[in-house]
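What follows is a set of notes on a single structure, which appears directly below.
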Amino acid sequence: MSQQVIIFDTTLRDGEQALQASLSAKEKLQIALALERMGVDVMEVGFPVSSPGDFESVQTIARTIKNSRVCALARCVEKDIDVAAQALKVADAFRIHTFIATSPMHIATKLRSTLDEVIERAVYMVKRARNYTDDVEFSCEDAGRTPVDDLARVVEAAINAGARTINIPDTVGYTMPFEFAGIISGLYERVPNIDKAIISVHTHDDLGIAVGNSLAAVHAGARQVEGAMNGIGERAGNCALEEVIMAIKVRKDIMNVHTNINHHEIWRTSQTVSQICNMPIPANKAIVGSGAFAHSSGIHQDGVLKNRENYEIMTPESIGLNQIQLNLTSRSGRAAVKHRMEEMGYKDTDYNMDHLYDAFLKLADKKGQVFDYDLEALAFINKQQEEPEHFRLDYFSVQSGSSDIATASVKLACGEEIKAEAANGNGPVDAIYQAINRLTGYDVELVKYDLNAKGQGKDALGQVDIVVNHHGRRFHGVGLATDIVESSAKAMVHVLNNIWRAAEVEKELQRKAQNKENNKETV
């Protein structure tokens, strides 16, 4: 019987640190639900002490997720651990993940401390975390550059203090696979109480070998792998979980371990993370890239036609990628659309059927035929924009030509009021953005604009993703339409709604803080 490798996802904590715009609480919950559906064992969803917004997000996810263990990060600082526990306590069970640097460089230059003092602090903080939960994980930051004898001392002390998972991070992506395996083997040889904890690894991709390091560590005895979907994360990214999961599945003959992941959900989860985080997946990305199962060489094509196993070590279907595309038309009823969504793996709670069917009919009238990729794009936008909107695009028109200055006229619902404005710009998109910004009075700077076709052919849906800077904060917006200018307008309206909602959340947090202060004064 093979042993289980625990899959620890840190997309919402370490992965989010790489994003140009922070995710909203709703977007984080959307990703958390996708990860739960995929079957991750543990999800690290934030760093609660970092901001009131992160605290609220962690609390919301902890209250909602039932089938994965929710975890929050805390430094070896009393307040960090106490705040993490406060955010997580709404969950039936939770994990606190605390960490401190252990390498000579970090101890000397960052902490300005000694190894003995680091061990003392680690022990105290692990014990403090154990006051809140028996599921405590301890990480030795920069373990890859920590002498193994020093590392063994820290690990033994942390286990004695009550840590049930010990994480060995290659924080800067420095070690080679054979080195990293040697570190894990060295700990098993040196730490007498190592059988009382699960050894975990957390690798970074600075040298392009994060997945290789994680797999080498598993082969050496590690039984938890930490990473992020699509490998997102700081600098060159984290270990790509989908790659580790499928490597373990495909090479079970030599790995002799398994995961409890529903691998048929990998494709959908990957797409969800990519779209919400506004991080496109490279075509040649292993497992989930659009070219991962493509064969262009004539020799390869011939071999695949004769037997797929000639050139495919796994199938698209094994990760939930259905390559058989069915089409629907405006004559297709609600039942047909609902049935197709179910066949693609969607549940009723994943989308609003009324809104989706309305958008489907409008698209079918324009395109004639609506394909699976169209439905998935509509469902994604439907989910992104289902919250109450303060701003709504009512009407727009654009006049533009090769030698004319572009002029846009826009009508926008701002709360209960309909406003109209016209503006010139350097092209139709800029003209529309000038008009919208005049209407709302928001001072935003466009820092990123991406256009991607969702589907094939000249009538494909165009998805526009934008990132804007507003008073030092970055916000993401998305729009979808067969018309690129309309997609662009919708993306700007979406981003302005996100800014408005963020301001409302900030007001609510301030109100709660003021009420708490008033209650203290009353007592």
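Cβ coordinates are placed from backbone N, Cα and C, and glycine is handled just like the others.
For 5-267, the entry in Swiss-Prot reads domain 'Pyruvate carboxyltransferase', with the evidence type sequence analysis.
Neighbour density for ASN238 (Mn(2+) binding site): within 10 A of its CB lie 30 other CB atoms from the protein chains shown. Secondary structure at ASN238 (Mn(2+) binding site), as computed by DSSP, is strand. Feature annotation from Swiss-Prot assigns Mn(2+) binding site to ASP14, HIS202, HIS204, ASN238.
What Swiss-Prot records for 392-523 is region 'Regulatory domain', and it gives sequence analysis as the kind of evidence.
For HIS204 (Mn(2+) binding site), the count of additional Cβ atoms within 10 Å of its Cβ stands at 26 [all protein chains shown]. Within the set of binding-site residues (ASP14, HIS202), the lowest number of other Cβ atoms found within 10 Å of a Cβ is recorded at ASP14. Helix, strand and coil residue tallies for the region 'Regulatory domain' (392-523), in that order: 52 helix, 55 strand, 25 coil [DSSP].
Other residues of the same chain near the Mn(2+) site, with their Cβ within 8 Å of the Cβ centroid of ASP14, HIS202, HIS204, ASN238, are THR10, PRO169, THR171, THR203, ALA210, GLU226, GLY227, ALA228, GLY233, GLU234, GLY237, CYS239.
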